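**Student:** Can you keep this structure in mind? I'll have questions shortly.
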Amino acid sequence: MTMLLPLFILVGFIADYFVNAIAYHLSPLEDKTALTFRQVLVHFRQKKYAWHDTVPLILCVAAAIACALAPFTPIVTGALFLYFCFVLTLSVIDFRTQLLPDKLTLPLLWLGLVFNAQYGLIDLHDAVYGAVAGYGVLWCVYWGVWLVCHKEGLGYGDFKLLAAAGAWCGWQTLPMILLIASLGGIGYAIVSQLLQRRTITTIAFGPWLALGSMINLGYLAWISY
């Protein structure tokens, strides 16, 4: 697919545009009830961007280039890029609002089950067990923290995102996903605290779950090739 590299780069730019527009449209803390999705797209064409707004663009273009160079079948390549766009959109929303909307997490979960049922990188049984275990593990952590500390350590959106990751990657990958997510979250908290010189009380965990799941999904695709 290297001959199609310019086309894939263009796809990366287009994907970034829609990732940001959908993230804005679905962001729960924004009052956009009077805006249609088309008006949101117009808003993003006219918006002036800060330097940090280029991060999703860089990631989208990098992911598109990786897909162009990957030796996978078109179905697997398309599925990987679709998963990436979903979790990137969720990460943008979570960083901004610390919320993960059901309108993205639940379709992502069902898409994972359907993909593995038809073209799967893993057995459908492993995908179903992964979805159940992904939700259940963080549900237990949530209530464990609540009983001990009397406060919420996680959000319900994190449960659903890990369930979706389990549906795509299987239950066997959940420990590694959680390890990567935990290390990423801890590292981010430490760096943020050093740079801002104040105590960080909460962080968005969704982006780190997204990172861990994307790494594991890419690895599964590679060993299945």
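Using N, Cα and C of the backbone, Cβ positions are placed for all residues, glycine too.
Per Swiss-Prot, the feature transmembrane segment maps to 3-23, 68-88, 104-124, 128-148, 175-195, 203-223. Residues annotated as topological domain 'Cytoplasmic' in Swiss-Prot: 24-67, 196-202. Taken from Swiss-Prot, the feature topological domain 'Periplasmic' covers 89-103, 149-174, and the record attributes it to sequence analysis.
Help me picture these features in the structure, burial and contacts included.
**Tutor:** Sequence-distant contacts of the transmembrane segment (68-88) (same chain, six or more residues past either end, CB-CB distance under 8 Å): 1-2, 4-5, 8-9, 11, 15, 18-19, 56, 59-60, 104, 107-108, 111-112, 115, 119, 121, 161, 168, 210, 213-214, 217-218, 221, 224-225.
Packing against the topological domain 'Periplasmic' (89-103) from elsewhere in the chain are residues 19-20, 22-23, 26-29, 56, 155, 157-158, 160-161, 202, 204-207, 210: each is 6 or more residues past its ends and has a CB under 8 Å from a CB in it.
Beyond the transmembrane segment (128-148), the same-chain residues lying 6 or more positions past its ends with a Cβ under 8 Å from any Cβ of the stretch are 109, 112-113, 122, 154, 156, 158-160, 162-174, 178.
Here the topological domain 'Periplasmic' (149-174) has, by DSSP, the following mix of helix, strand and coil residues: 19 helix, 0 strand, 7 coil.
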**Student:** With the transmembrane segment (104-124) as the reference, which stretch in 3-23, 175-195, 203-223 has the largest tally of C-beta pairs below 8 Å?
**Tutor:** 203-223
**Student:** What else in the chain is close to the transmembrane segment (175-195), if you only count residues 6 or more beyond its ends and a Cβ gap under 8 Å?
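**Tutor:** Same-chain contacts beyond the ends: 137, 162, 165, 169, 203, 205, 207-209, 211-213, 215-216.
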**Student:** For the topological domain 'Periplasmic' (89-103), how many residues does DSSP put in helix, in strand and in coil?
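**Tutor:** Counts, helix then strand then coil: 11 helix, 0 strand, 4 coil.
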**Student:** In the same chain, which residue numbers or ranges, 6 or more beyond the ends of the topological domain 'Periplasmic' (149-174), come under 8 angstroms Cβ to Cβ?
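**Tutor:** Long-range Cβ neighbours of the topological domain 'Periplasmic' (149-174): 83, 87, 90, 94, 98-102, 105-106, 108-110, 112-113, 115-116, 121-123, 126-135, 137-139, 141-142, 205-206, 209-210, 212-213, 216-217, 220.
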